[in-house]
Amino acid sequence: MLGREDIRTYQVYLANEKKLAPGSIHIALSALRFFFNVTLERDWAPEEVLPLPKKPQKLPIILSPDEVQHFLGCVADVKHHAILTTCYAAGLRISEAVQLKPTDIDSQRMVVRVEHGKGQKDRYVMLSPKLLEILRDYWRMWRPEAWLFPGDRAGHPITRYAVGQACVKPHDLSRLSKPVTPHSLRHAFVVHLLEAGADVRTIQPLLGHRSLATTAHYLRIATNKVCATESPFELLPRPAPTPPPSKPQYF
């Protein structure tokens with residue numbers, strides 16, 4: 001059986017020789033855990049021998065409302081404009097947006113039905129009146145039937161890859177320094193709601209998050225929440241004014 005030093009040597013090899021990120025090292029050690037626990041049926045976990053490296057928690061780069069509007073204004077293709085606007089306006093994952101059907105758009109109740117979201121759970125999200133107008137204009141032009149956003153293959157929805165590629169040209173035209181992807185539009189949806197005063201518990205079901213902590217993570221990014229909190233430095237008494245320097249004796 002592998003010992004502590006064997007695992008340590010392997011981990012150092014992955015980090016220093018292979019130059020793997022902490023997430024990739026997690027995967028490698030998880031494979032070892034599976035091999036021992038499942039294949040060999042031995043109760044052993046790498047983290048009991050050696051602590052797993054911590055994954056760096058990077059905050060996503062958030063587009064401002066003006067940047068979102070500018071980017072979407074650069075999307076010339078009607079279908080691409082409609083689906084990317086849907087990702088932002090409804091806060092959908094790209095995997096959810098491509099699976100939408102025309103019948104999922106409920107203009108009577110002003111909601112969008114999301115079937116089999118992450119975790120295979122259905123949910124409803126808000127339908128913006130402005131989004132409804134864009135979708136209606138798109139529908140009049142395309143007349144989609146089975147899928148709201150059909151792909152190049154008959155009977156299949158547009159692929160996630162195609163939607164990702166649809167961001168490339170508009171991003172170049174927009175000259176935005178920040179990266180833009182379908183998922184960054186979802187990030188922007190969350191942060192803009194928080195900055196507008198929406199409650200985390202209200203946003204959680206819209207995103208389809210199981211845990212409130214996942215949604216609360218975005219509070220670290222909502223800048224108005226940070227800026228609205230006064231620094232304790234402002235509470236310190238101001239120092240007495242410094243007296244002006246004395247006038248030189250001869251001039």
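Yeah, the Cβs are placed from backbone N, Cα and C, and that goes for glycine too.
These features come from Swiss-Prot:
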{"type": "DOMAIN", "residues": "1-40", "note": "domain 'Core-binding (CB)'"}
{"type": "DOMAIN", "residues": "58-231", "note": "domain 'Tyr recombinase'"}
{"type": "ACT_SITE", "residues": "ARG93", "note": "active site"}
{"type": "ACT_SITE", "residues": "LYS118", "note": "active site"}
{"type": "ACT_SITE", "residues": "HIS183", "note": "active site"}
{"type": "ACT_SITE", "residues": "ARG186", "note": "active site"}
{"type": "ACT_SITE", "residues": "HIS209", "note": "active site"}
{"type": "ACT_SITE", "residues": "TYR218", "note": "active site, O-(3'-phospho-DNA)-tyrosine intermediate"}
Using DSSP, how many residues in the domain 'Core-binding (CB)' (1-40) fall into helix, strand and coil? 32 helix, 0 strand, 8 coil
Quick note, HIS183 (active site): same-chain residues at least 6 apart with CB under 8 Å of its CB -> ARG93, ILE94
Please give me the CB contact count at 10 A for ARG93 (active site), counting all chains in the structure. 18
If one measures from the C-alpha of ARG186 (active site) to the C-alpha of TYR218 (active site, O-(3'-phospho-DNA)-tyrosine intermediate), what distance in angstrom results, rounded to a whole number? 11
Find, for the listed active-site residues ARG186, HIS209, TYR218, the residue with the lowest Cβ contact count at a 10 Å cut-off, counting only other Cβ atoms. HIS209
What is the separation, in Å, between the Cα atoms of TYR218 (active site, O-(3'-phospho-DNA)-tyrosine intermediate) and HIS209 (active site)? 12
